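Residues or ranges marked as D-ribulose 5-phosphate binding site in TrEMBL: Asp8, His9, Gly66, Thr67, Gly68, Ile69, Gly70, Asn99, Arg109, Arg132, Arg136. Taken from TrEMBL, the feature active site, proton acceptor applies to Cys65. Taken from TrEMBL, the feature active site, proton donor applies to His98.
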Amino acid sequence: MKVAIASDHGGIRIREEIKALLDEMGIEYTDFGCDCETSVDYPDYAFPVAEKVARGEFDRGILICGTGIGMTIAANKVKGVRCALCHDVYSAKLTRMHNDSNILAMGERVIGPGLAREIAKAWLETEFEGGRHARRIGKIADYENKHL
Ligand code: RB5
């Protein structure tokens, strides 16, 4: 599995925590910034990661900002992306099992690094269940292909 990870200035500490987790899990990743703590704009980091996942250059993406909401809104504008904002382990597991989410978003001003690590671990380890859930995801893809 190859993971693309990025954050804005509001998510740097959790990004470092998740990179340490990815190292421990032996998962290959590329860090797409941001590089500093000065204020940056989250769409500038969400779109490159989302596009790389949508194109299949990376299997999964992880995006962190202050709340995780801006990253989620931006990433879900990219066709083929299913970005899930998760601040609990149950949602992280279920969004893999039922939604086959390909990007995880979290908010550093909402949760601490320990919980973020548990959420990311669960999300990375949980498989999609397919079946009726694949039909539902297919309806989202159909909508993307027919509208806007
Ligand atoms: C940045 O101040 C903050 O707005 C951003 O990190 C994020 O929370 C937006 O949704």
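For all residues, glycine too, the Cβ spot is worked out from N, Cα and C.
Just so it is clear, the model here is predicted, and its values are computed rather than measured.
TrEMBL feature annotations superimposed on the structure.
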{"residue": "Asp8", "record": "D-ribulose 5-phosphate binding site", "contacts (Cβ under 8 Å, 6+ apart)": "Cys34, Val40, Asp41, Tyr42, Tyr45, Ile64, Cys65, Gly66, Gly70, Met71"}
{"residue": "Gly68", "record": "D-ribulose 5-phosphate binding site", "contacts (Cβ under 8 Å, 6+ apart)": "Gly11, Leu85, His87, Ala105, Met106, Gly107, Val110"}
{"residue": "His98", "record": "active site, proton donor", "contacts (Cβ under 8 Å, 6+ apart)": "Glu129, His133, Arg136"}
{"residue": "Arg109", "record": "D-ribulose 5-phosphate binding site", "contacts (Cβ under 8 Å, 6+ apart)": "Gly10, Gly66, Thr67"}
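Taking the recorded positions Cys65, Gly66, Gly70, Arg136 in turn and counting surrounding C-beta atoms within 10 angstroms, the largest count is reached at Cys65. The record assigns Asp8, His9, Gly66, Thr67, Gly68, Ile69, Gly70, Asn99, Arg109, Arg132, Arg136 to the D-ribulose 5-phosphate site; their largest pairwise CA distance measures 39 Å. Taking Cys65, Gly66, Gly70, His98 as the candidate recorded positions, the subset whose CB lies under 6 angstroms from any atom of ligand 1 consists of Cys65, Gly66, Gly70.
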